[in-house]
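Working notes, beginning with the structure itself.
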Amino acid sequence: MTIRSMLVGVGSYLPEKIVTNDELSERLDTSDEWIRGRTGIGQRHIVSGSENAVYMASRAAQRALDFAGIDPVDVDAVIVATSTPDQVFPATAVRVLGDLGVTNGFGFDVAAACSGFIYALSMADAFIRARNAKCVVVIGSEVYSRILDWSDRGTAVLFGDGAGAVVLQASEDPGERGVLSTHLHADGSTGDLLYIDGAIGRPDHTGHLRMNGREVFRHAVAKLASSVDEALETAGLAASDVSWLVPHQANIRIIEGVARKLQMPMEKVVVTADRHANTSAASIPLALDEAMRDGRIKRGDLVLMEALGGGLTWGSALVRI
Ligand code: COA
């Protein structure tokens, strides 16, 4: 019998503190006009006080479970996509298991930079299809404010903090609904375009994000467009069948570029970059949460997700809600 993963819950958490472009302009040689014009970003949320990767992930996950009406004791696994964990281990996911009160599950983190949510979703779907789990919480939680070089105007203005989560549940009678396909890619030869110049285990632990923005931009539209084509082709569907594009929110110009290639009007694209900036692995579930809660995305809608990040890694997922 066909088994498929249904997306039954969404949730998110954004830090209390908002930092506007104008506030950044007070300490960096930049301006609201430059940042908005080049990226579409107007503000970002930044952690403060006790907010960290685990805190945000746990709150997003609890909201997603509440949305789905699922008790934590019925969760089999938690997968957290993050490049900014609070600790190397225990994994963020295992801390979240503890916070939620999941007593019978397993958990681990996935590091695939901004594509992390697509990677984690793909793994969760594989566990469900292989009947290794019936209910998996997939989370993206990121604290990029920790790894930014706040003196580098080329990167500091682009990112924000936050977390988003979805709940996937096995269904033996899915009809047309559920995760239809996921597609993952990586190219190690482009590793120096976007990376963190530090890691635990190195004499200087402090790592900062470094990026060749122009080159990343050049790769992004082409790779994302080919990945969404791949998803549609596998499903035997056309771009016109897609109800909503929910892209990784790196930059409005990249998002518009992919939408243009798909000949998809921007009215069918969920955009949060203006308010959240780039929250890396958290950006897709944050956008999904917003659009499902405000009623734009409805049951039966076909949602196409895509992301590209450091690695380079990239991928897409096609989900019927
Ligand atoms: N404010 C003002 N000026 C800035 C600036 C800022 N925040 N950041 C860079 N600049 C300046 C540069 O110093 C450069 O000045 P110069 O010509 O005097 O040397 C000028 O703006 C152009 O820089 P460049 O890097 O060529 O700009 P760009 O048009 O490529 O835009 C990005 C920069 C980062 C917005 C763009 O490359 C981009 O969006 N790349 C993709 C990045 C991304 O999304 N990464 C994450 C993927 S997950």
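Numbering starts at 1 and runs along the chain as displayed.
A Cβ is built for glycine as well, from the same backbone N, Cα and C atoms used for every other residue.
Here TrEMBL gives region 'ACP-binding' for one range in the set 44-48, 139-143, 249-253: that range is 249-253. Geometry remark: Cys114 (active site) versus Asn278 (active site), CA distance 9 Å. Look at the active-site residues Cys114, His248, Asn278 and count other Cβ atoms within 10 Å of each Cβ; Asn278 has the fewest.
Per-class residue totals from DSSP over the region 'ACP-binding' (249-253), listed helix then strand then coil: 2 helix, 0 strand, 3 coil. Across the domain 'Beta-ketoacyl-[acyl-carrier-protein] synthase III N-terminal' (108-188), DSSP helix (H, G, I), strand (E, B) and coil residues number 25 helix, 33 strand, 23 coil.
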